[in-house]
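Peer 1: Quick one: this structure, given as structure tokens, is what I'll be asking you about.
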Amino acid sequence: MDSSRGTVLDSIRELYQFGVVDYCMFAAMLILSAACGIYFGFFKRTKAKDTPTATDTSDLDLGETPPTVGSVQSKTPISPFGSSTIDEYLLGSRKLKAFPVAMSLVAGYISGVTILGTPAEIYNFGTQYWLIVVPIVLTGIAVCTIYLPVFCSLKLNSSYEYLELRFNRHVRSIASVMFVIDQMLFLPMIIYVPALAFNQVTVLNLYMIGAIVSLVCIFYTLLGGIKAVVFTDAWQVVVMFISVVVVVIIGTIAVGGLDVIWERSMEGGRIDFFNMSPTLYGRQTFWAVLIGGFFYWTSFNSVNQTMVQRYMSLPNLRTARLSIAMFTVAMGVFVSVCCYAGLLLYGKYYDCDPASVGLVSTNDQLFPHYVMESVGHLRGMPGLFIAGVFGAALSSMSVILNSVSAVLLEDVLRGLFQLNPGPLKANIFVRCCVVILGLTALGCLFIIDKLDGILIVSATLAAIANGTTGGIFTLGMLVPWSNTKGALVGGIAGALLSGWVSLGNQIASGAGEIVARKLPVSIDGCIEELVGNITLVDPVYPDESGVFPLYRLSYHWITPIGVTTVLVVGTIVSFLTGPRDLRHIDPELISPVIHRLLPVESFSYFGTANKNATIFNEEMQAQASVPPGPANDLNGQVGKEARTRW
């Protein structure tokens, strides 16, 4: 790089830096987040005494005897600070409201990776990914009708408890341990990506700001539990949305309006919604986005503990469905805004690509650079945007800390090791897990950019976890004949195949054998001092025909491969080893959409699988479909108990 061009780059970078107001906006976000933890930890606690009904067992630990009719259960706080009971800490005593939980679901799913990565994806590869909004809507319908009624009826603390009730303890342990490892590898990246963007617009070291944000997140999650997580997420997602929308509106006006952006995007080949190519190798095709997106979103939203735990924090099935409906609409809108931001980026940089001239070093820095350039002159706007990005990171991190600590208690300590600590010990254990998990993620933050291997391992494990766990849960709920052997063999087969495909793809990409084919960019409109002696040439892509076919698959197909493998192999093995006798299965373990396939005799076993839970509420009555007819009762008895219970 010649000295004159280097001087110009340095001058531009210095121009696009945070001011005092921007730092104040960012600091306000951290202070408010910490304040939520203090509020829910010390001031908004369950009253010392309460009088539950005979069936109110929501605040009892596993193994405790529920109160008899008319008895008074004293809710004495078991912690000098924070939530009073372990149920309040992990599930908010199942009394949270639909809207805050919906916003928390959005905030937990929208990380800094989404806000920064989605616009860059559209900028580099076109609008085909925008169709992901359709699978998002379909996923909401699938979760509400297939999976949610089962979890709500069983009233579980951890989604993986279902696997022990449906199959056995080993299936539950494998899935829960896989979840913990997956989330632990993902945690440092949640903070690292926005910290990298923050480093683009400030002089602060990315590790220092990452450490500050991590400690704030640990603080309010430790004190306030899921209540602090949910309500902090709710206002953070508002900041997130406002920041992105304001930037998009101002940017659109500055470029010249929607017509200019659309025209430039059309000329640059960015507009492509119907790439109907049947190839499985294309990064974004119509079929890959719709099918792969549906499998991925459904596998994650339906059974992942980070989602199910917040579903279970709601009082009833109707409220949970309302919350998911809000979440689905909000996600569709937010993802659409992020996708449009990608077109806005191209409308701005269609003739001067920042990456080609060295203004940004990674795709994740493209959107922050645009924010500083387009609205940097408006005091506080860059700070609001970065606060929104870090709000997304905080929300995702807090959700993971809370959910993983719940899994470590319910599935690892109680499920795997068969230990049942008392209320005080359980509370201490969960809080220690939050601190240890947060500090471990913070430690990994300092080495993540020096260990490329962790990215490969994390991406591979995420693919395994999504496909495998989604497949096992679906096998249990939609294939009533499946047995434990089928679940184990199917799960192992799905994990091996999806892991093989994902790992092979990551290794081939790292070796340069597979290169994503970006759409062309231009530097014809850049100032001469910035261009220097740079000349853009058409990229030369490697011949991928020699790469093993499965390694060349689009990342969209990895989750469908995992889910389909589990279902097919699990079903075949179940029938070969002796299918489950449906006459003795608890219908509560099967999705209501399959109830008409169950023999009437099975409904006499309704509610027997989970002896620690009560019926979620009377709404579940409408979910059962007991076949009518005289065969419904053997001597007038079979099915009578089921109807009474429902």
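Any Cβ shown, glycine's included, is placed from N, Cα and C.
Just lifted these from TrEMBL, have a look:
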- 50-74: region 'Disordered' (REGION)
- 624-646: region 'Disordered' (REGION)
- 20-42: transmembrane segment (TRANSMEM)
- 98-117: transmembrane segment (TRANSMEM)
- 129-154: transmembrane segment (TRANSMEM)
- 174-198: transmembrane segment (TRANSMEM)
- 204-223: transmembrane segment (TRANSMEM)
- 235-258: transmembrane segment (TRANSMEM)
- 285-303: transmembrane segment (TRANSMEM)
- 324-346: transmembrane segment (TRANSMEM)
- 384-408: transmembrane segment (TRANSMEM)
- 428-448: transmembrane segment (TRANSMEM)
- 454-479: transmembrane segment (TRANSMEM)
- 555-576: transmembrane segment (TRANSMEM)
Peer 1: Is the transmembrane segment (555-576) in contact with the transmembrane segment (174-198), using at least 3 Cβ pairs under 8 Å (sequence separation of 6 or more) as the test?
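Peer 2: As far as Cβ distances go (cut-off 8 Å, pairs 6 or more apart), the transmembrane segment (174-198) and the transmembrane segment (555-576) do not touch.
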Peer 1: Which residues of the chain, 6 or more past the ends of the transmembrane segment (98-117), have a CB below 8 A from one of its CBs?
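Peer 2: 189-190, 193-194, 197, 229-231, 233-234, 236-238, 240, 244, 301, 306-307, 310-311, 313-314, 319-320, 322-327, 330-331, 334-335, 338, 363-368, 388-393, 395-396, 399.
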Peer 1: Are the transmembrane segment (324-346) and the transmembrane segment (384-408) close enough that 3 or more Cβ pairs fall under 8 Å, when only pairs 6 or more apart in sequence count?
Peer 2: no
Peer 1: Under a Cβ pair cut-off of under 8 Å, which of the recorded stretches 129-154, 285-303, 428-448 contacts the transmembrane segment (204-223) most often?
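Peer 2: Answer is 428-448, with the largest number of Cβ pairs below 8 Å.
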Peer 1: Which of 20-42, 235-258, 285-303 has the most Cβ pairs closer than 8 Å to the transmembrane segment (324-346)?
Peer 2: 235-258
Peer 1: Residues sitting near the transmembrane segment (555-576): Cβ under 8 Å, six or more positions beyond its termini, same chain?
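Peer 2: Contacts with the transmembrane segment (555-576): 280, 283-284, 288-289, 291-293, 295-296, 299, 463-464, 466-468, 470-472, 474-475, 479, 481-483, 485-487, 489-491, 493-495, 497-498, 501-502, 505.
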Peer 1: What parts of the chain pack near the transmembrane segment (285-303), using Cβ distances under 8 Å and only residues at least 6 beyond its ends?
Peer 2: 109, 128-129, 131-132, 134-136, 138-140, 142-143, 146-148, 159, 273-279, 466-467, 469-471, 473, 554-560, 562-563
